[in-house]
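Participant: The compositional bias 'Basic and acidic residues' annotation in TrEMBL covers 19-29, 136-149, 171-180. Look at TrEMBL and you will find 1-29, 61-88, 136-180 tagged as region 'Disordered'.
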Amino acid sequence: MSGPRKNRGGNFKGKKDTRKYLRGKEGKTEEIKKALTHRARLRKNYFKLLEREGLDVPDKEGEKLVGVEGESCQVGDSGDATEHTNSAKSEIEIIKDKIKNKEALTFQERILLKKHRRETDKQIKMERIREKLETMRKKKMEREHKTERIQNTMTRKGQPLMGPRINNLLDKIRQDKKSQ
């Protein structure tokens, strides 16, 4: 097969868009404009989501937050952390409702959903680790109690059992032989 390879089927995977590099300054400006419009669209959708939730929407200056009723509060004001988590939970509930209704999710909603799933997975993992540690601790305590009980058991006539004591004496003899 000599000659140039023909494009059959239009498979362009893995190929870079070289137009912006060939055109120089114009290509770079187009790329910047594209990035700016994407960012603006994301911000706009985010603010719409905040308004729908009834949460505070930041001003264009970024210094103050404007509530739905029009009251303003400083960014430095410390709000309750529970309000923030409740709002995040309500956002996640809205996203789950959208999923049930088979509606398309926005970029921010997908990010929130992903973050929520990560947090729940992390909590589940931590809970499993806690349970394992707790069971290990309980088993260790049970073993200690069993060995203590075996060493302190008596015969029917009230004499101490010789089995555990013989084992202890044998262990002492072995240690003495190793140390000599």
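The backbone N, Cα and C atoms fix where each Cβ goes, and this holds for glycine too.
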Participant: With DSSP, how much of the compositional bias 'Basic and acidic residues' (171-180) is helix, how much strand and how much coil, in residues?
Facilitator: 9 helix, 0 strand, 1 coil
Participant: Please list the DSSP helix, strand and coil residue counts for the compositional bias 'Basic and acidic residues' (136-149).
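Facilitator: Here the numbers are 14 helix, 0 strand, 0 coil.
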